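Encoded as structure tokens, the structure appears first; notes follow it.
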């Protein structure tokens, strides 16, 4: 059985015109059973003027004070930090921002094109994506390092057999 206690309902429920003139036990806007919908544009009824001086001007403030978030969602809202929209900025600002982004993308793409030109011709058979270009460059750099320093390439393959004497003197800890 339900062990929660509920407030007892009044003996008589009045739904007619006289209900507007009944004395209230507490202000109606503090009663959790009453849903208040305020419209700031409409004038306040004269019969409740003595009970309304504590009401805030904005219905959003009333909702925030009594119930928390005015629009509770059952899931978290993504990107809550992005409250600024494009329409808050002028068209000149947006054009400049877009131009800066185009320039940035152009520079990045030129960098990848230059990197592709330095790769061996084996990699140039097909168009490489940015990730494939970076992976090919890493492989090619390690291949070139193994040609320059054959001892270090053996050390990388077998790290346990490396001796302290094979380290670069600048990297050796004294």
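From the backbone N, Cα and C atoms, a Cβ is placed for every residue, glycine too.
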Quiz item: What range among 28-66, 106-144 does Swiss-Prot record as region 'Helix-loop-helix motif'?
Solution: 106-144
Exercise. Among 78-91, 92-105, find the range that Swiss-Prot records as region 'Basic motif'.
Key: 92-105
Exercise. With DSSP as the yardstick, break the region 'Basic motif' (92-105) down into helix, strand and coil residue counts.
Key: 14 helix, 0 strand, 0 coil
